[in-house]
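Trainee: According to TrEMBL, the record shows the following:
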type	residues	note
ACT_SITE	193	active site, proton acceptor
BINDING	13, 14, 15, 16, 17, 18, 120	ATP binding site
BINDING	17	Mg(2+) binding site
BINDING	35, 59, 82, 139, 245, 251, 258, 272, 273, 282	substrate binding site
SITE	188	site 'Transition state stabilizer'
Ligand SMILES: Nc1ncnc2c1ncn2[C@@H]1O[C@H](COP(=O)(O)OP(=O)(O)O)[C@@H](O)[C@H]1O
Ligand SMILES: O=C(O)C1=C[C@@H](OP(=O)(O)O)[C@@H](O)[C@H](O)C1
Ligand SMILES: [Mg+2]
């Protein structure tokens with residue numbers, strides 16, 4: 001459900017509110033704009049709220065509202081205020097709401113779009129051009145950190161922006177995890193694991209991502225704790241499917257098993273060799289029961305089959 005939700009972030013004037021409305025029409029999903037929700041709740045405009053209660057009060061309302069929305073399991077599109085992603089806690093809440101799309105914009109475009117605008121209290125000053133430049137620069141890092149997808153909007157028509165967003169949000173985000181010794185492919189026991197090296201595997205997976213229009217990230221570690229940390233990260237980074245080759249940890253890491261059990265996205269356990277036909281200690285997989293599918297003995301091709309499984313092919 002979460003994966004169809006879209007959250008639009010970006011600087012004032014980047015088009016969050018207007019893109020949200022158009023996207024809602026295109027995807028036939030409801031839309032909520034957090035500024036409008038706050039205005040309705042407070043019974044006054046954002047400008048009046050800033051003037052009467054101050055920016056800090058508005059920021060508290062913003063975070064409070066995001067918390068409520070995140071708990072509500074709402075399906076649809078959200079556009080938020082330009083300052084929302086500045087607080088790290090808000091960035092985490094936005095990710096809980098859906099796929100976060102940053103409408104990235106240059107200061108000159110903001111100025112062109114908003115000169116003469118009176119509804120944005122932060123730009124009501126003697127030199128709005130300079131204020132935009134400074135504020136945008138100070139926020140850019142937070143915007144990019146909070147985004148799953150970035151769409152540059154300068155010089156683009158609305159339709160082009162909508163097409164890009166739809167293409168990006170349809171990309172499934174898959175994480176491939178390779179455990180100990182997989183970086184030694186092409187070096188270790190070639191009769192079992194083949195002669196191709198690890199880079200060959202990475203290139204193969206990258207081609208699969210391009211062919212299927214999906215986003216595949218590959219992580220490799222020889223350390224149990226690092227693998228667990230990465231699985232936990234997948235809980236909140238928008239990962240929609242996990243392919244894991246836990247290497248020898250397969251046979252005894254209850255800790256990796258427990259980490260996998262806590263993530264509900266589809267999971268595939270893959271082994272290059274057929275572990276059921278090797279030494280006795282390899283016949284047991286403690287991770288298999290918490291995965292949705294096992295692919296054994298298909299060589300490197302097994303990774304592609306695992307990706308297909310996640311994509312529902
Ligand atoms: N792609 C675009 N090209 C030109 N103008 C745009 C585009 N997207 C939005 N605008 C205009 O920019 C202004 C700010 O848009 P708005 O949706 O309110 O942005 P935000 O919610 O990010 O502040 C509006 O006048 C809107 O019509
Ligand atoms: O950038 C900001 O801090 C703000 C942006 C505004 O929303 P838009 O980005 O939709 O203009 C609104 O939340 C408020 O004026 C503060
Ligand atoms: Mg807006």
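Cβ coordinates come from backbone N, Cα and C, glycine included.
TrEMBL does not curate its annotations; it predicts them automatically.
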Trainee: Taking Cα atoms as reference points, which of the recorded positions 188, 193, 245, 273 is nearest to residue 14 (ATP binding site)?
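Mentor: The answer is 245.
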Trainee: What is the separation, in Å, between the Cα atoms of residue 82 (substrate binding site) and residue 13 (ATP binding site)?
Mentor: 8
Trainee: Identify, in sequence order, the residues in the chain of residue 18 (ATP binding site) that are 6 or more apart from it along the sequence and have a CB within less than 8 Å of its CB; answer 'none' if there are none.
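Mentor: Those within reach of residue 18 (ATP binding site), by Cβ under 8 Å and sequence separation of 6 or more, are 158.
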Trainee: Which recorded positions out of 188, 193, 273 lie by ligand 1, going by a Cβ under 6 Å?
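Mentor: By the Cβ criterion, which requires under 6 Å to ligand 1, there are no hits.
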Trainee: Taking a cut-off of under 6 Å between Cβ and any atom of ligand 2, tell me which of the recorded positions 15, 17, 82, 120, 188, 245 pass.
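Mentor: Among the recorded positions listed, those whose Cβ sits under 6 Å from ligand 2 are 17, 82, 120.
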Trainee: Among 13, 15, 16, 17, 273, which binding-site residues lie by ligand 3, judged by Cβ under 6 Å to any atom?
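Mentor: Checking each Cβ against ligand 3, the ones under 6 Å are 16, 17.
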Trainee: Taking the mean position of the Cβ atoms of 13, 14, 15, 16, 17, 18, 120 as the ATP site, which residues outside that list, in the same chain, have a Cβ no more than 8 Å away, listed in sequence order?
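Mentor: Same chain, not in 13, 14, 15, 16, 17, 18, 120, Cβ within 8 Å: 10, 12, 19, 79, 82, 103, 113.
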Trainee: Cα within 10 Å of residue 188 (site 'Transition state stabilizer') is the criterion; apply it to the binding-site residues 15, 35, 258 and give the hits in sequence order.
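Mentor: Those near residue 188 (site 'Transition state stabilizer') - Cα within 10 Å - do not exist; the answer is none.
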Trainee: Count the other Cβ atoms sitting within 10 Å of the Cβ of residue 17 (ATP binding site), across every protein chain shown.
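Mentor: A 10 Å sphere around the Cβ of residue 17 (ATP binding site) contains 17 other Cβ atoms.
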Trainee: Closest to residue 17 (ATP binding site): which of the recorded positions 35, 193, 245, 258, 273, going by Cα position?
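Mentor: So, of the listed recorded positions, the one sitting closest to residue 17 (ATP binding site) is 35.
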Trainee: Using all protein chains in view, find how many other C-beta atoms are within 10 Å of the C-beta of residue 14 (ATP binding site).
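Mentor: I get 28 for this one.
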Trainee: If one looks at the chain holding residue 13 (ATP binding site), which residues at least 6 apart in sequence have a CB under 8 angstroms from its CB?
Mentor: 82, 105, 109, 110, 113, 114, 117, 120
Trainee: Starting from the Cα of residue 273 (substrate binding site), work out which of the recorded positions (15, 16, 193) are within 10 Å.
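Mentor: Candidates kept after distance check: 193.
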Trainee: Around the Cβ of residue 258 (substrate binding site), how many other Cβ atoms lie within 10 Å? Please give the count over every shown protein chain.
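Mentor: Step by step: centre on the Cβ of residue 258 (substrate binding site), count other Cβ atoms within 10 Å, giving 14.
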Trainee: Sort the recorded positions 35, 193, 245, 258 by C-alpha distance from residue 15 (ATP binding site) and give me just the closest.
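Mentor: Ranked by Cα distance from residue 15 (ATP binding site), first place goes to 35.
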